[in-house]
Amino acid sequence: MYCLLRRLLFLLPPEWVHKLVFAVLRGATAATPVRRMLTRWLGPTDPVLASTVFGVRFPGPLGLAAGFDKDGTGLDTWAAMGFGYAEVGTVTAHPQPGNPAPRLFRLPEDRALLNRMGFNNHGAGALAIRLACHHPEVPVGVNIGKTKTTPADQAVDDYRASARLVGPLASYLVVNVSSPNTPGLRDLQAVESLRPILAAVLAETSTPVLVKIAPDLSDSDVDEVADLAVELGLAGIVATNTTVSRDGLLTPGVGQLGAGGISGPPVAERSLEVLRRLYQRVGDRLTLISVGGIETAEDAWDRITAGASLLQGYTGFIYGGGLWSKHIHDGIARRLHQGGFGSLHEAVGSNAAERGRPPS
């Protein structure tokens with residue numbers, strides 16, 4: 001059924017469809033009885049899926065990745081869609097319109113998306129008001145980025161301002177320095193630039209702070225960010241963002257679509273490589289959230305056993321439909337029981353022994 005609906009929706013402009021579907025989801029989950037029924041039906045109910053990560057209780061490991069609900073207008077929706085948590089944003093200290101349209105494209109042969117949205121959002125202040133007025137049934141993290149018009153030498157203050165506004169209201173914060181769609185943003189991943197930003201955010205809030213990195217970083221840069229995160233006492237790392245690589249794409253005409261980051265299966269291999277490298281580097285000293293190309297329960301299981309405590313998806317949700325998160329959670333629960341694991345935590349990094357144990 002969803003395959004037919006998706007085929008029809010894919011005849012329409014991607015960003016228009018996103019707004020339409022998001023509005024339908026919000027409307028369908030607006031009534032409390034309906035929302036509760038959907039949460040019981042679609043949500044992760046098997047206790048083996050639950051875990052406590054950086055002091056926050058997650059009913060299931062799969063969350064909605066940042067980018068879908070940029071302004072937190074669906075805070076009451078995501079539990080009812082079966083997610084164990086949601087990450088909203090990216091929000092910036094000041095409202096901004098993002099890049100000119102068209103800025104979102106489908107790559108159907110690759111089951112992928114290309115976007116150059118550019119952090120379009122209503123600002124951290126507007127999100128803070130929504131967070132204060134709602135009490136979602138699942139944890140909600142907030143992804144913060146740099147305002148486009150803020151010079152790089154003022155980035156610290158920009159991130160600090162966002163952290164001040166949304167930090168007290170979020171389950172966790174993610175410092176996004178890895179989107180390819182804000183000029184110069186990825187340069188902030190260099191440790192000499194990243195250190196003062198992370199230190200400022202940590203000083204501003206007691207909420208757990210993570211950093212989101214790009215799949216296009218070199219291995220040595222991944223190591224440096226990991227070491228910095230441990231040194232500063234971050235809660236974890238989100239790996240990875242979208243890729244600017246166009247290698248191996250099957251969809252014709254991608255070169256004519258212009259700049260942007262690609263999400264979905266094309267980033268899966270590198271995302272898993274980065275996850276494994278991070279786990280070997282930091283072990284359980286940091287929480288690792290894996291995102292990028294997760295489509296099936298087997299994909300999710302590979303990430304968990306490689307060291308991810310939590311997972312995220314966006315493109316998989318677009319191509320998989322409303323039952324996607326339920327299928328992922330059900331598949332993870334099945335693998336946990338089959339493997340004799342008493343909890344999700346026991347399975348995290350369980351395949352690391354085949355590649356050498358991480359430091360403890």
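Each Cβ is built from the backbone N, Cα and C atoms, and glycine gets one as well.
The active site, nucleophile annotation in Swiss-Prot covers Ser179 and is backed by sequence analysis. Ser179 (active site, nucleophile) carries neither a helix nor a strand DSSP state and counts as coil.
If you look up Swiss-Prot, you'll see Ala66, Gly67, Phe68, Asp69, Lys70, Thr90, Asn143, Asn176, Lys212, Thr240, Gly264, Gly293, Tyr314, Thr315 marked as FMN binding site, on the strength of sequence analysis. Less than 8 angstroms from the CB of Lys70 (FMN binding site) sit Val88, Gly89, Thr90, Val91, Asn120, Asn121, each of them six or more residues away in the same chain.
Under the three-state DSSP scheme, Asn241 (substrate binding site) falls in the coil class. Annotation for Asn241 (substrate binding site): same-chain Cβ neighbours under 8 Å, separated by at least 6 residues, are Asn176, Ser178, Ser179, Pro180, Lys212, Ile213, Ala214, Pro215, Gly261, Val291, Gly292. Look at Swiss-Prot and you will find Lys70, Asn115, Arg116, Met117, Gly118, Phe119, Asn176, Asn181, Asn241, Thr242 tagged as substrate binding site, backed by sequence analysis.
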Protein Cβ atoms within 10 Å of Ser179 (active site, nucleophile), excluding its own: 24
Fewest Cβ neighbours within 10 Å, where candidates are the binding-site residues Arg116, Lys212: Arg116
Local Cβ density at Tyr314 (FMN binding site) - other Cβ atoms counted within 10 Å: 21
Cα separation, Gly118 (substrate binding site) to Asn143 (FMN binding site) (Å, whole number): 14
